[in-house]
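In TrEMBL this protein carries:
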TRANSMEM  75-93  transmembrane segment
TRANSMEM  99-119  transmembrane segment
TRANSMEM  131-156  transmembrane segment
TRANSMEM  168-187  transmembrane segment
TRANSMEM  199-220  transmembrane segment
Amino acid sequence: MTKHEFLTRLSNELQKRNVADAADIAEEYEQHFAFKQADGYSEEEIAAKLGDPAVLAAQFDGADAPKQKNGSKPFVLAGLCLVDVFAGLFFVLLTGFGLVMGVAALSFATLTVCLLGNLNIYGLIPTVPYWCGAILALAFAALAVLLVVGCIYYTAFLRQLIRAFGRFQRNALAFASGAATLPALTINPQFSAKTKRRLRAVALGSLALFAACFVLSYVVCSLSAGSLEFWHAWGMFE
């Protein structure tokens, strides 16, 4: 069964049963197909793993949905509350790491402007010849761009991770209550093919430029100072 056939049959079954949020449910399964196809699965494999659309639709029908009567919902709810505490701390740490990446990108961008503009606010930047600093500035600019791309990927990953955790909680409560569950969400960030190509090209280009300019700056600084350890010759850190 193809994606179109599966979604068409699922939508028809949901509408036939007068499920209130039929469109939202169908959209969730459509996203599930997109996520799995991005992981390399074929439409037929995904549809086969999901099962019969009629059976899935019946789970969302209040009249036909199986009821859980083992009283496990309070225990599941208590367990999820405990998990939320650790998950919250984990997400705070991940968010903090993302902020560090953002601050690093901004710092390298500021350093680039200072080196190119021959600015040295409060003497924070070691003094180097202008052209040596200009080449270093290009390396730092490339590194800043690389970090920005990393921030984009990381933000998308963190957002998808939070969504996947929310779906896990929703499904756990639904299972304990005997309600219908939705497909699990992947933690991999999803970009369009065009966006992926652009981000990859920018990342590879900035990485290559950083490596080339960094090596070139070392060579130029060494020749200018007449020493391989040019930082000692110029007393940069004294």
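In case you wondered, yes, glycine gets a Cβ from its N, Cα and C as well.
It should be emphasised that the depicted structure is a prediction, and the values quoted were computed from it without experimental measurement.
For the transmembrane segment (99-119), same-chain residues at least 6 beyond its ends with a Cβ under 8 Å from one of its own Cβ atoms are 125, 130, 133-134, 136-138, 140-141, 143-144, 147-148, 150-151, 154.
Sequence-distant residue pairs (6 or more apart) of the transmembrane segment (75-93) and the transmembrane segment (199-220) include fewer than 3 whose Cβ atoms are under 8 Å, leaving the two stretches without contact.
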